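Take a look at the structure set out below.
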Amino acid sequence: MKKIAVYTSGGDAPGMNACIRAAVRAGHYHNLEVYGIVRGYDGMINGNFIELDNRAVSNIIQKGGTILKSARSEEFRSPEGRRKAFDQIQKFGIDGLVAIGGNGTFTGAELFYNEYQIPCVGAPGTIDNDLYGSDFTIGYDTAVNTCLAAIDKIRDTADAHERVFFIEVMGRDTGYIAVRSAISGGAEMAIIPEFPYDKNVVINRLKHGTSDTKASHIIIVAEGHQEGRASMIARDIKEALPQLDCRVTTLGHVQRGGGPSAADRVLASRLGLATVEGLLEGRANVMAGIIDHKVVYTPFIDTITKRKPINEDLLSLAEKLNGRSYKV
């Protein structure tokens, strides 16, 4: 193996630049030529390849976003699009790929490998922490810290005005951000996709948890698949308990921004190195992850098809500290 190419795809996550940096530096350490593919699969199709040396990735470990940009590619979904991408891979003489992203990224990489046998090792880059094969994903810790900073500020105004705040965080299919943010922010409840929402449970908890000395509450809501989910839930509660002053805050894309935390920088650096060394060991069609502090490699098909369960220890911690389960 002489040449590798690195790309980011799908939703951005803090720490992607740290992972790019690590992959590039690891490649040069092992005497490889390293290219970056700008704008993910679209860039692969259009031949948007740039050579990356160590200087090109200096001073990026602390930056959010991705210097290689990211884009969702409809064309790559088609056999014709993937053929164009393969032609560009051959043109530049690329022997192996490093893919940084989530489920969509690895679905594309799986298809591409099955058709053209270009070795690819992935690194999990998504704030949702929803990928099977790694305890944590790049960007998750930073996103939780971003949420926590907002929760702490909202708690101040919620207490001052004795309000109930529903704070919506990202997480379409999983409640990892919601649960960890709720625990670290001392929230009274978290509503997550793993468990069916029951408005009567929320109503009863608020009814029995509100008193003359405790009238403010913070409820964290994972966005799920329904747009404006926190607003919908807030309306349910307001109709049932009109005496409560209910407010909604949607944190949105602020969770994806900002410089990565120390934990994400270290995680991304470990995974960037692991992708390159995985390629050199002859691995292909796998994602590098960290489980129990050790590097592991999981087939893309498993990361795509297997569901990563919510951490039961986190749920147990929340229940014991809060006196109630998050299973609402």
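Keep in mind that glycine also has a Cβ here, set from the backbone N, Cα and C atoms.
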According to Swiss-Prot, which candidate in Arg72, Arg155, Arg256 joins Arg21, Ala22, Ala23, Val24, Arg25, Gly186, Ala187, Glu188, Lys214, Ala215, Ser216 at the ADP site:
Arg155
For the ATP site that Swiss-Prot gives with Arg72, Ser73, Gly102, Asn103, Gly104, Thr105, which of Gly11, Gly15, Gly27, Gly36 also belongs there?
Gly11
Can you name the residues of this chain that are 6 or more positions from Gly186 (ADP binding site) yet have a C-beta less than 8 Å from its C-beta?
Arg155, Ile218
Quick check on the binding-site residues Arg21, Arg25, Arg72, Arg256: which one has the highest count of other Cβ atoms within 10 Å of its Cβ?
Arg21
Quick check on the binding-site residues Ser73, Asn103, Thr105, Thr126: which one has the highest count of other Cβ atoms within 10 Å of its Cβ?
Thr105
Relative to the Cα of Ala23 (ADP binding site), which of the binding-site residues Gly102, Met170, Arg172 has the closest Cα?
Gly102
At 10 angstroms around each C-beta, which of the binding-site residues Ala23, Ala215, Val254 has the fewest other C-beta atoms nearby?
Val254
